[in-house]
Amino acid sequence: MSRKLFRNGRIFTPTDRGVPLAGKHQGDVIHIPRGAIYAKDGVIEAVGDEREVLAGISAGQVDEEIDCRGYCVIPGFVDPHTHMCFAKTREEEFLLRIEGMEYLEILGRGGGILSSVRAARAATEDELFAFTRKHVMTALGLGTTTLEIKSGYGLDTESELRMLRVIERIGRETPLDVVPTFLGAHAIPEEHVAHPDGYVDLVVHEMLPAVARHSGAVFCDVFCEAGVFSVAQSRRVLEAARGVGLELKIHTDEVHDLGGSALAAELRATSAEHLLRTSETNLRAMAEAGVVGILLPATAYSLRRRYAPARRMVELGLPVAVATDCNPGTAYTESMPFVYGLAVLGMGLSMQEALVAATLNGAYAIGQGGRVGSLEVGKSADFLLLDGKSPAILAYHIGVSPVVEVYKQANPMRQWEGITGDHP
């Protein structure tokens, strides 16, 4: 048994109401100026004002005491949308984009996702694991303690299953909690471009049953966008996914308001992601259906597009989460501190709203709200020490990470091989 007491921290944490926080509750964050956390075997047993926590335990109940030195203490980041499982970067496409070429044009030339597909298919499982682990450990050093990772660079049954095996191995062999998502409907592979409905048939009739039998995938996602998968095709995939026991996610309204957000509301998907072009009608529909909107400001920043209307989403009662969208093409970042800063400075969220978006709502967006995302009794002792007076330091101190230490299940993470971060 391991019993640890963390003292002298400025605690900021969302308050979990059992559902994603939305509307006037999006910024429900409590501040404990001198707080303490008592954890037993990695689970929080007490949290609150230091004097009150100390009054509830005896010296014999503490194996180790850690002084948080007045640092800001927040929950570990939950990154609910990543594509960290890939085999090579795409710097050459970045140069094309900054010269003005649109992403869908790059995709039409066989670049974009299709470039990553060729690389992933050619990579061995160990090569793919090593590349993925590098990015996951970078994320850990920057404060992410739970994350989702999608497949989607295989686009055939064997390659998609290989990616999911790698993602599951990442969850076993790194300290992070990893939620696998099947994204076989990420793009139409080159061999099916003349018959896209035939590829949808493959996803529905071959891939999804195989994923359900042979992988630990929790979610199924689909890229519902002009030139990729139509609303009708996306519906086929998502309904089939639900039929084999997977929860639902959808990439939609990144470039065009195609109607994927309305589909998300109709199917009561767990989340809808991107949402740069979503109509107010569909935002309201998703809010009523309890869909979490996962916003990806680093992608908008990288593509030099307008940000998703986060402020309006909060006003309409849509639960907002934020994520890195870490991928080799349009958002090559593992940094949730950077994303938090963009949420505040680019999308207009308050310090408290952005903290909820980067922690508790992200947890609910991947089915982990009961375990992580806030510092409360019964949850995993996953938290960060920040060199600042409040979480605002994440947006205020531009371009660096203020993360001093990362704790996962009350264990310090800095000793892990491969972990990186800006702070000494």
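Cβ atoms here come from the backbone N, Cα and C positions, even for glycine.
Note that the structure is predicted; figures quoted are calculated from it, not measured.
Feature list (source: Swiss-Prot):
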type	residues	note
BINDING	HIS81, HIS83, HIS251, ASP325	Zn(2+) binding site
BINDING	HIS81, HIS83, HIS251, ASP325	Fe(3+) binding site
BINDING	ARG90, TYR153, HIS186, GLU254, THR330	4-imidazolone-5-propanoate binding site
BINDING	TYR153, ASN327, GLY329	N-formimidoyl-L-glutamate binding site
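Known features from Swiss-Prot, placed on the structure.
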{"residue": "HIS81", "record": "Zn(2+) binding site", "CB count, 10 Å": "30"}
{"residue": "HIS83", "record": "Zn(2+) binding site", "CB count, 10 Å": "25"}
{"residue": "ARG90", "record": "4-imidazolone-5-propanoate binding site", "CB count, 10 Å": "22"}
{"residue": "TYR153", "record": "4-imidazolone-5-propanoate binding site", "CB count, 10 Å": "29"}
{"residue": "HIS251", "record": "Zn(2+) binding site", "CB count, 10 Å": "28"}
{"residue": "GLU254", "record": "4-imidazolone-5-propanoate binding site", "CB count, 10 Å": "29"}
{"residue": "ASP325", "record": "Zn(2+) binding site", "CB count, 10 Å": "28"}
{"residue": "ASN327", "record": "N-formimidoyl-L-glutamate binding site", "CB count, 10 Å": "28"}
{"residue": "GLY329", "record": "N-formimidoyl-L-glutamate binding site", "CB count, 10 Å": "25"}
{"residue": "THR330", "record": "4-imidazolone-5-propanoate binding site", "CB count, 10 Å": "24"}
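If you check the binding-site residues HIS81, HIS83, ASP325, GLY329 against TYR153 (4-imidazolone-5-propanoate binding site), the ones with a Cα inside 10 Å of its Cα are HIS83. Checked against GLY329 (N-formimidoyl-L-glutamate binding site), the binding-site residues HIS81, HIS83, ARG90, HIS251, GLU254 differ in C-alpha distance, with ARG90 being the nearest.
THR330 (4-imidazolone-5-propanoate binding site) sits 13 Å from HIS81 (Zn(2+) binding site), taking the C-alpha atoms as the reference points. When the alpha carbons of GLU254 (4-imidazolone-5-propanoate binding site) and ASN327 (N-formimidoyl-L-glutamate binding site) are compared, the span between them is 15 angstrom.
Nearest Cα neighbour of HIS81 (Zn(2+) binding site) among the listed binding-site residues (ARG90, HIS186, ASN327): ASN327.
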